[in-house]
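Only one structure is covered here, and it is reproduced in the block below.
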Amino acid sequence: MSSTRAAPAPPSRRPAPERGRSGADERRLTWRNRLYRFDMRYMPYLMIAPFFLLFLVFGLFPLLFNAVVSLRNYRLDDPTLPYWAGVENFSRLVADEDFWNALYNTFGIFLLSTVPQLLLALLVASLLNRQLRAQTWWRVGVLLPYVTPIVASTMVFSVFFSRDFGMANWVLGLFGIGGADDPIDWRADKMHAWIAIATMVNWKWIGYNALLYLAAMQSIPRDVYEAAAIDGAGQWKQLWRITVPMIQPVVLFTVILSTIGGLQLFTEPMLFDPNAQAATGGPNGEWQTIAQLIYKVGWKDLNLGYAAAMSWALFLIILVVAGLNYVLTNRLSGGRK
Amino acid sequence: MKRSWTHWARTAAVGAVSLVMIAACSGRSTTGGSDAADGQVTLKINFWGDFGLQDLKTKYEAEHKNVKIQLNSGEYNAQHEDLQKKLVAGNGAPDIAAIDEGFMVQFRSQSDKFVNLLDKGAGSYESKYLPWKWKQSLSADGKTQIGLGTDVGGLAMCYRTDLFKAAGLPTERDQVSALWPTWDKFLEVGQQYTGKTKKKFIDAGTNLFNPILGQQQVGFYDDQEKLQMQQGPKVAFDYTVKAVDEGLSANLISFQADWDKGFTSGAFAVLACPAWMLGHIKDTAPGTQGKWDIAAVPGGGGNWGGSFLTIPKQGKNVDEAYKLLEWLVAPEQQIEIFKKVGNLPSQPALYADPAIADFKNPFFNNAPVGQIFPKMAQGLTPQYLGKKNGPTRVAVENVIRRVENKSLKPDAAWNEAVKEADKAAKS
C-alpha cells in the first residue's frame, strides 16, 4: 500500500535511500529491501514508542482523568451527590484558607530549601573540582544522602529535631541557644518547622546537585581559568564570572528540577508529624504542604473531586513558578537566550 | 501537506499496534489467581495488629483441605485506606476485610460494595450480639448488614500501683475505683498526684477527651448528622483543657515512640484502657509486669474501639469467605482469641463462659479482666457516630494539642475547637 503510493511522490527533503533506484525497479523490491525500508522508516518510531506509551498510560491519562474528576462531585462517603459539580471545586479552592496556608507553607519551605541547596551545591562542586586527596571518595561521599531511602533519613531527622531529647537542641544548647531549660519545640511554630524540614531536603539533595555541577564544570577548558588568573581574578570572582555562566544550562536544569521537587514536597512534612496519619502537618497546619493537603482531602476527607481540583491548581502553580525561575536564572547567569 | 499527514498516520499506526500488543500481554493476568479448576481457593484476610488468627488458620486449613488462608496484617490506618482505594478501583480487595468501628460509618455508607450478610443468612446472629454492636455495621436503612463483630473494647483505667504508692495514693483496685466516681474527682486525684510527685498524671489530653466524649449521650453528631458541639464535646473538652492547664498531662501522642517509652519510664501514672490495650502495654513494656492494675473508669461505662469482619462484594469466593467468617465468629474461636491476645468477644453469651469469666491477667496483678470489661461493654448506651466523625475528632484533637504545646491559650481554645470542628464538618 505505502510502496505504491510512495512511488509517484515527489522527492522529499530527506534523502530516501530506497529511491536511489529508478522507478522501473520498484516492482522488483525484494524482501530484503522491504526490511531495509521498514528499518529506516518505522523502526525509530517503534523504538521510541514504549516511552510514549508509558507516558500515555501513566502520565497523560491520569492528568486528563484528573481534570475530569476535578469537575465532578466525587465523594466516597456520599455517592448520592449530582455527578457534575462544574467549577464549584475550583471556586471553593479560592476561598479555602487551608489551601492558602498550605501554599504559604510550601513556598516558605521551598525558598528555605532550594536557595541554600543550590548555592551550597555550587560551593561543594567547586571544592570537588580541585585537586584533592582521595578525590573519588569525596565524590561518592557527597552522593550518599541521595542514596539513603527518604523514609529512613526522615525518621532519623524527626528524632534529631525532637523537643525533649533531640540532638538539634543539644547542639544549639552548646552555643547557648535554647538549652535544656527552654528547649526549642520544632513543631510548635511555622518558622522552626520550616527550618527543620528544609534541612532534611537540603541534606538529601546538595550532593546530587553538586555532582551535576561538577560534571558540567569539568567540561570548562582550563585555559579560561588561566587567562582569568593572569588578569588577576581571584577564586571567588572566577566562580561567579566564569564557572557559573559556563555551566548555565545545568544550573537551569537543577533549578527547574528542584522547583518541581520542592513544590511537591510530601514525605518529609508527612513523617515529621508525630501524628502522621492525620496528615494535617502539625496541629494547626504549621507545615502542611499542598501535596499533603491533597492527600488529606482525598483520602482522609474522602473528597476526591476537590483533591483533583487542588492537584490541577498545583500543576498550574508549578508551571508558572518553573517558568519564572527559568527566566530569572537565565537573566542572573547572563543568559544568551 | 500530504507528506505530514502520512507521517502522522504512520506514527499513530505504530502506536496503535504497540497498544494492542501491551493490552494483549496484560489482558489475562488480572483474571488469573485464586479460582483454580480443582476447587482450590485462597482466602485473603486483611487486618491490623494481632487478631490472634495464626493458630486458627492452621486449624481451619486442616479441616478444609481445599482452602488456603492468607493472613495479611498491616498498619491500622493503612489497611482502612487500602480497602477504600480497592473498593473504588473495584478490584484487589481481600476476601475478608477487618474494619474498626472508627471507620465503620465510612464503609457502612458504601454498603453496596459489600456482600449483604443478611442474604447469606446472618440474620440469625442478631440476637447473639450486643445490640449496639450489631447496629454499628448495619446500613442506615437497616437492610444491609456488611459485617459481623469480632471484639469490643470496653473501657477501664490502667494505673501503675508503684507510682500510686509513691504518691501516697491507695493501690487496691476497688479503693482506686472509689477514688474517682466522677471525672471531677479524677482530676482532683490528678492534682494530688502531680502536687506530691511533680510528675504527670495522664498520658495525653486527647486520651482524656475521647473516653469522656464516648460516655456522653450525643457525640459530635446527632442522628440527623448535625454537629452538636455545645453538648457532649463541650463537657469532654472542658475537662481536658482543665487537666492540661493544670499540668496533669504528659502531652504525648498515642501510639508514637515517646508514648510507648512513657509506659516504661513512668511518664504517666494512669491511662484509659480498653481490652485490646492490655496486649499493647504488655508488649511495649514487658519490664513493668505486676506494676499495673485495672480500675473502673470514672463516670460509668464506655467503649473504645472494636472490630468487624466484612466481605467485599468484588471477591471471587464470597461463599467460601462467608463460611470462614462464620467459623471465625463462632464461640470456640472467639474464646480462643480472647485467651491468646485478650480481645473481648462481642457476643454476651460468651461472657458467662468460665474461660472468660474466670480469667485473671497475671501481667496486671491478676486483675479479673474477664469480669471488668464485659460489665463495661454491656452497660453501654450506643452513641451515634456521624459520617464526619473521624475528621472532626482529628480537628478537635489538634486544638487540644495546640493547648498542650502552648501555642493556644486555654481560654481561647473552645472557640477555636468549634471553628475547627465546623470546618471539618463541611470538608
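The chain as shown is numbered from 1 upward.
Glycine is no exception: its Cβ is also placed from the backbone N, Cα and C atoms.
Annotation source TrEMBL lists compositional bias 'Basic and acidic residues' at A:15-24.
As annotated by TrEMBL, domain 'ABC transmembrane type-1' applies to A:103-325.
Taken from TrEMBL, the feature region 'Disordered' covers A:1-24.
Feature annotation from TrEMBL assigns transmembrane segment to A:42-65 (among others).
The transmembrane segment annotation in TrEMBL covers A:107-128 (among others).
According to TrEMBL, the transmembrane segment annotation covers A:140-161 (among others). Residues 124, 128, 167-168, 186, 196, 199-200, 203-208, 210-211, 267-268, 271-272, 274 of the same chain lie 6+ residues outside the transmembrane segment (A:140-161) yet bring a C-beta within less than 8 angstroms of a C-beta in it.
Sequence-remote contacts of a segment are chain residues at least 6 beyond its ends whose Cβ falls under 8 Å from one of its Cβ atoms, and for the transmembrane segment (A:193-215) they are 105, 108-109, 112-113, 116-118, 120-122, 124-126, 128-129, 139, 141-146, 148, 150, 153-154, 157, 161, 168, 186-187, 247, 250-251, 253-254, 258, 261-262, 265, 268-269, 272, 282, 286-287. Among the features that TrEMBL reports, transmembrane segment is placed at A:193-215 (among others).
The transmembrane segment annotation in TrEMBL covers A:246-266 (among others). For the transmembrane segment (A:246-266), same-chain residues at least 6 beyond its ends with a Cβ under 8 Å from one of its own Cβ atoms are 106, 109-110, 113-114, 117-118, 121, 197, 201, 205, 209, 212-213, 215-217, 220, 224, 289-292, 295, 314, 317-318, 321-322, 325-326, 329-330, 333-335.
For A:304-328 (among others), the entry in TrEMBL reads transmembrane segment.
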